[in-house]
Amino acid sequence: TYRGLLLITAPSLTNLIPVNVCVEAFLQVGQHTWERCDTAAALLRRGCPSHRLEDPRGSAVLVKNRNVTFRSGRRRGGRGGRVTQLQPQTVRLHLRPGEPQSFEVRFRRVEDYPVDLYYLMDLSFSMEDDLPNVKKLGADLMEEMRNVTSDFRMGFGAFVDKTVMPFISVAKDMLENPCKRTEPWPCSPPFTYRHILSLTADGGVFARLVGGQRVSGNLDWPEGGMDALMQAAVCEIGWRNVTRLLVFSTDAGFHFAGDGKLGGVVLPNDGLCHLQGNEYTRGNSQALTSEVVMENSKLPPGYHISYASRCEDGGPGPGGRGRRCSGISVGDEVSFNVSITAPPCAAASRGPLRVVIKPQGYSEEVEVLLSPICECSCQKDMIPHSPSCSHGNGSLECGACRCKEGRVGTFCECVKEEADEATDSRLCRRDNSSEVCSGHGECVCGRCVCQKGGQKPQRLYYGPFCECSDRSCGQHRGLQCAGHGRCVCGECVCLPAFGGAACECPLGSESCLSADGQICGGRGECRCGACICRDERFQGRTCELCPSCPDVCAAHRGCVLCRAFSLGLSPEECGRRCAHLNLTLVGHPGVLATAAPSAGLHRCMEVDTEGCRVHFALSAGEKEPSACAHVALERECPSGPNVMLITAVLSGSVVVLGVALLLLWKLLTSLHDRREFARFQSELERRRWNRVNNPIYRSAITTVVNPKYKEH
């Protein structure tokens, strides 16, 4: 059983605050009729008798409330009567603004409920290797569904693609056999969608037709499955008003909107059935689920609806803005919290309004009749010519007088023609320079009828001349009278511990106490709960901070040096400025470390004018007129330079540097000499000429060969 809680509310004219009406004539002269409307507690405080308090309440009436059916009664051979899966069927809600009304919605998917299933199969050529399994899937699906319900019918259809280029080839032989083969059998001509078998309970016919299908072919990868889905949904193929399922079997994607423009198809799908001879004729011109999704009809203007689902696992459903629960089996329970908000009475219709809530995909629905309560029942108890209205000069209606023609006033006490505007205006002015009723009301019969301030009903004006308001006092930090008082006729009446025009000033000094218990640390005055420091250098909540002030040690450095070591200040100036310092001399700085630590003890180390470190312990506060100092006479002065060591180091450095320079000079000289000697030897070798080639050399022997010698 699926159970949901439906919450329907209607807002009021006062921001969803439940407003009641006192039907007792308890208004005073000068009060408006709307002042009889307020919360019940406020009206009782103002003196309205409880039995005269008009407090209409909303209600929920179950008009039709048949119980849900647990079985359809068909499996055991019963004929099966009316099946009810949704309870209640009709609810009438009387809605008071700001008061929610609720009722329980129960939903249960009935066991053995009739089911119609349509099997839509892809017969493109890419499905050839999967066709045996797809055929077997159809038969297995029908057999399995018979185990779920005995009232089961199944139909069958197929699709390929749009029969125009470039989705298929328009050649004559390709239109007859798009696969170009004859064995084991030729392919079927292409088609967009073909309805083969209407919904039937004959499983043999379904298995025979599915098993006899042959594949066809197209050119591109996507198929025309969306066209087939549209036609299977809108065409009359035997659908009953029961659970409808569609199984879509394919191995490829589908064409998206706009793909048809490639083939010259520009008209959008009209959502109508276009089957002739069980085949889709407009392809070239234009799931088994375990999910519950709640939906509703169009709401009246100004109304708002929201859903919150609690599914089987106890958590909210995924997505769908609280309308959805997935993974639901027969017998599982889910719930939906449905909230409907109505507009204010000024915008809401007075007659009954109808809203239909139903689970998506199911024919059953919950009819919700909305009747906003925008009038009080006391209006039917009107007292004509009531004595409470100036001896019958009006009718008492819901605690207020409705005056006769020509009569005005809260109790119809004035005659409209006799009322003199000038006289009334004078009586409604505080003085000659003021406005009528201080500009915050109307003068009726010589008396001021004060109005509300703006759109906030709590901003009331009152007084003989509407001169007072409890919302016109000064504010501090966004709070009227700083939240420490109340506003009376434009002035703050503060609590005893606060003062000021807006009660913003605490009269006590607790907020000005410093850590040592003094007011503002002794450096300032406490005014209006805050410290005003006398010395501009000090700041902070209690004048405890002084970023530019020296520390205690630095402040007493000059006096310690002049008193203990006669350094720095002159004797006259030292005696004048440092008389407050009580000086005690000790020997070694280590003695100062043995002093027990205390809150006012400061261990100091300062550098004197000679560069020596001076150690002293100081017992003094920042404000105390006198101080005690224990000064170590042994100063830590830096030692002088070691002349012998410096001389030895410098002398040794000069010697080492000289030897290094000599060695470097000797090395460079030797390298230069070797290079020059090698060049000299090379020149000598080049000057040794061969005697044969010397043109100056002449041998002393001349040999002449007689050419005739060999002949003899």
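Any Cβ shown, glycine's included, is placed from N, Cα and C.
Keep in mind that TrEMBL annotations are predicted by a computer and have not been checked by a curator.
Quick caveat, the model's predicted, so the values are computed rather than measured.
Feature annotation from TrEMBL assigns domain 'Integrin beta subunit VWA' to 20-376.
The Cβ neighbour count for Cys37 (disulfide bond), using a 10 Å radius over every protein chain in view, is 21. If you look up TrEMBL, you'll see Cys22-Cys37 (among others) marked as disulfide bond.
Here TrEMBL flags Cys398-Cys437 (among others) as disulfide bond.
Taken from TrEMBL, the feature disulfide bond applies to Cys414-Cys428 (among others).
Per TrEMBL, disulfide bond is recorded for Cys445-Cys481 (among others).
A sphere of 10 angstroms centred on the C-beta of Cys466 (disulfide bond) encloses 25 other C-beta atoms. Annotation source TrEMBL lists disulfide bond at Cys450-Cys466 (among others).
What TrEMBL records for Cys468-Cys473 (among others) is disulfide bond. A simple way to gauge crowding: the CB of Cys473 (disulfide bond) has 21 other CB atoms within 10 angstroms, across all the protein chains here.
In sequence order, Gly463, Glu467, Cys468, Ser469, Asp470 are the residues of the chain that are 6 or more apart from Cys489 (disulfide bond) and have a CB within less than 8 Å of its CB. Per TrEMBL, disulfide bond is recorded for Cys489-Cys520 (among others).
Within 10 Å of the C-beta of Cys503 (disulfide bond) we count 25 further C-beta atoms, all protein chains included. Under the heading disulfide bond, TrEMBL lists Cys494-Cys503 (among others).
TrEMBL lists Cys505-Cys512 (among others) with the feature disulfide bond.
According to TrEMBL, the feature disulfide bond maps to Cys526-Cys531 (among others). Note on Cys531 (disulfide bond): other Cβ atoms within 10 Å of its Cβ, all shown chains, come to 25.
Counting only same-chain residues at least 6 apart in sequence, those with a Cβ under 8 Å from the Cβ of Cys574 (disulfide bond) are Cys559, Cys562, Arg563, Gly568. According to TrEMBL, the disulfide bond annotation covers Cys528-Cys574 (among others).
Look at TrEMBL and you will find Cys533-Cys543 (among others) tagged as disulfide bond. In sequence order, Cys520, Arg523, Gly524, Gln539, Cys543 make up the list of same-chain residues 6 or more apart from Cys533 (disulfide bond) whose Cβ falls under 8 Å from its Cβ.
Feature annotation from TrEMBL assigns domain 'Integrin beta subunit tail' to 553-642.
According to TrEMBL, the feature transmembrane segment maps to 643-665.
Sequence annotations record features per position, and here TrEMBL assigns domain 'Integrin beta subunit cytoplasmic' to 666-712. Mean pLDDT of the predicted structure over the domain 'Integrin beta subunit cytoplasmic' (666-712): 77.
For Cys450 (disulfide bond), the count of additional Cβ atoms within 10 Å of its Cβ stands at 23 [all protein chains shown]. Across the domain 'Integrin beta subunit tail' (553-642), DSSP assigns 23 helix, 27 strand, 40 coil. With the fewest other Cβ atoms inside 10 Å of its Cβ, the least crowded of the disulfide-bonded residues Cys398, Cys437, Cys520 in this structure is Cys398.
Cβ neighbour count within 10 Å across all protein chains ranks Cys512 highest among the disulfide-bonded residues Cys468, Cys512. Cys528 (disulfide bond) is 4 Å away from Cys505 (disulfide bond) when you measure Cα to Cα. Of all the disulfide-bonded residues listed here (Cys473, Cys481, Cys528), Cys473 has the Cα closest to the Cα of Cys437 (disulfide bond). Cys414 (disulfide bond) sits 62 Å from Cys512 (disulfide bond), taking the CA atoms of both as reference points. All chains included, 20 other C-beta atoms sit within 10 angstroms of the C-beta of Cys494 (disulfide bond).
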